[in-house]
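What follows is a set of notes on a single structure, which appears directly below.
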Amino acid sequence: METAPKPLPFSATCVRISRDSYPNLRALRNASAMNLPDDDAAYIKLDEGDYGYVLDDVQHLTDYLPELPTFPNPLQDHPAYSTVKQYFVNADDTVPEKVVIQKNSQRGVHFRRAGPRQRVYFEPEDVKACIVTCGGLCPGLNTVIRELVCGLSHMYNVSDIFAIQNGYKGFYSSNYLPMTPKSVNDIHKRGGTVLGSSRGGHDTNKIVDNIQDRGINQVYIIGGDGTQKGAYEIFKEIRRRGLKVAVAGIPKTIDNDIAVIDKSFGFDTAVEEAQRAIDAAHVEASSAENGIGLVKLMGRYSGFIAMYATLASRDVDCCLIPESPFYLEGKGGLFEYIEKRLKENNHMVIVVAEGAGQDLIAKSIPVADQLDASGNKLLLDVGLWLTHKIKDYCKSKKMEMTIKYIDPTYMIRAIPSNASDNVYCTLLAHSAIHGAMAGYSFTVGMVNGRHAYIPFHRVTSTRNKVKITDRMWARLLSSTNQPSFLSEEDIEEAREADRLANRPPLPAGTSEHTKKHSMSLLANGEK
């Protein structure tokens, strides 16, 4: 009797998605709620297995340089790893995007697990690495820099490590500064970044020209979604030129709005520091008759800092975020709630994210849209605007009231990271090093508690936002006892937006098999 051939492992059945098989790319895009341009199709790698398993894989040097030699990983002889039960991550280990499933659910989308590989594509003496920080500040930047330098040096015996100063423009406008474990020894105790940072300055060709001219073969890029988009463009140009260079992105944003990952480093520190401002507002408010403490926190598009700081504080009476619209006047409005809380408690504390209420401000203060160097819309000061609006309302009602406005925006991002963020930064840096040494180009992040290598397009195609239809926002409303400011129509509209984000229509001409597979992925991909 003839036996069936043994199935190939996942790594041997990689499916490269091209324009010719665009419905398959669309299926994954539907599953992941992505919005990718067509020319990115050549950079998508899918590895499909049984029971609906899909690995959304990262780029590797051998995708365009197939004859590269490999070398034993130096960690196998490292004394620090001599007691580790298993030195290396299994080649086919993956991390699921969705961790909560039902017994009949398909396996869904996975990412490649981070960690050291048994074979590497760089010999330590040949490595020439550079590190750059871009965008705004964030607690933990110096910790990541330190651990990249120390990890490369101590784990892999790399000696050529260089700093790129002042963001992307530093690739072609500044000298490359050598870095050693001694030179970065104490930098984790300081806030900010010792490398300097800036917005904009991204000239892909100039950057890659300098990488090529200086013989750099590992690039570590620390920054937010705009920075990771830049890292993706740098990788694509490196691949077009056929250069043996690994690009490792380490996502950084104080707003915690990077897609896919559990949270960004520095977020816990920012929330902890925000407590100081909230505590001060509460003291000021409770020490005055009809006292109001108003605190503005960072959160351009996503209100995670405001939401978590409110939940942690328990002294906040109202939290306003960009994702949840609010209104001032009339029944159920903010003014009515303020009047009610002052009558009940004689004081109240309001927390507002910087991106909240921008539509209301625009109606009362018409201004031309302006952008910063990163292309972000410049926001009006919602805290100052709200302070004046509350004063005017109380004056019209002949209510005695004292309001104190506290803006700790830059204070919470300029401090050193706390203990938990320091540990997280260390693990991110080490995961980035292991991935780059193994020849991958990726963004690294924690997904469901496990570190994973995530394709650049996945963390740049969407933005993580607070879901006002989620239980966490309901917990906040229960904690503060504030009104939701939403009508039934608003709630249904938010629910429909969530459904559409997770289930966009399939293109005409898609096969029935692809439709079924896509719908199963969609069902498993919802969060």
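Every residue, even glycine, has its Cβ placed from backbone N, Cα and C.
TrEMBL labels come from automatic prediction, so no person has curated them.
The domain 'Phosphofructokinase' annotation in TrEMBL covers 129-434. Here TrEMBL flags GLY136, ARG199, GLY200, GLY224, ASP225, GLY226, THR227 as ATP binding site. Annotation source TrEMBL lists Mg(2+) binding site at ASP225. Annotation comment: TrEMBL describes GLY226 as site 'Important for substrate specificity'. Annotated substrate binding site per TrEMBL: THR253, ILE254, ASP255, MET298, GLY299, ARG300, GLU354, TYR410, MET411, ILE412, ARG413, in sequence order. Taken from TrEMBL, the feature active site, proton acceptor covers ASP255. Marked as region 'Disordered' by TrEMBL: 485-527.
Features as recorded by TrEMBL, highlighted on the structure.
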| residue | record | Cβ neighbours (10 Å) |
| --- | --- | --- |
| GLY200 | ATP binding site | 16 |
| GLY224 | ATP binding site | 24 |
| ASP225 | ATP binding site | 24 |
| GLY226 | ATP binding site | 19 |
| THR227 | ATP binding site | 28 |
| THR253 | substrate binding site | 28 |
| GLY299 | substrate binding site | 29 |
| GLU354 | substrate binding site | 25 |
| MET411 | substrate binding site | 15 |
| ARG413 | substrate binding site | 22 |
*At the Cα level, what's the spacing in Å between ARG413 (substrate binding site) and GLY136 (ATP binding site), rounded?*
9
*asked:* I need the nearest neighbour of GLY200 (ATP binding site) among the binding-site residues THR253, ASP255, GLU354, MET411, using C-alpha distances.
replied: THR253
*Just give me the nearest neighbour of ARG199 (ATP binding site) among the binding-site residues THR253, ASP255, GLY299, GLU354, Cα to Cα.*
THR253
*From the binding-site residues GLY224, ASP225, GLY226, THR227, pick the residue whose C-alpha lies nearest to the C-alpha of THR253 (substrate binding site).*
GLY224
*What Cα-Cα separation, expressed in whole Å, is found between GLY136 (ATP binding site) and GLY299 (substrate binding site)?*
13
*If you measure every Cα to Cα distance among THR253, ILE254, ASP255, MET298, GLY299, ARG300, GLU354, TYR410, MET411, ILE412, ARG413, the residues said to bind substrate, what is the biggest one in Å?*
16
*asked:* Tell me which of the binding-site residues GLY224, ASP225, GLY226, THR227 ends up closest to MET411 (substrate binding site) in space, Cα to Cα.
replied: GLY224
*How many whole Å apart are the CA atoms of ASP255 (substrate binding site) and GLY224 (ATP binding site)?*
10
*How many angstrom lie between the most widely spaced Cα atoms of the ATP binders GLY136, ARG199, GLY200, GLY224, ASP225, GLY226, THR227?*
13
*asked:* Validating a neighbour-count step here. Other CB atoms within 10 A of the CB of ASP255 (substrate binding site): how many?
replied: 30
*Mind giving me a neighbour count for GLY136 (ATP binding site)? Other Cβ atoms within 10 Å of its Cβ, every protein chain shown.*
20
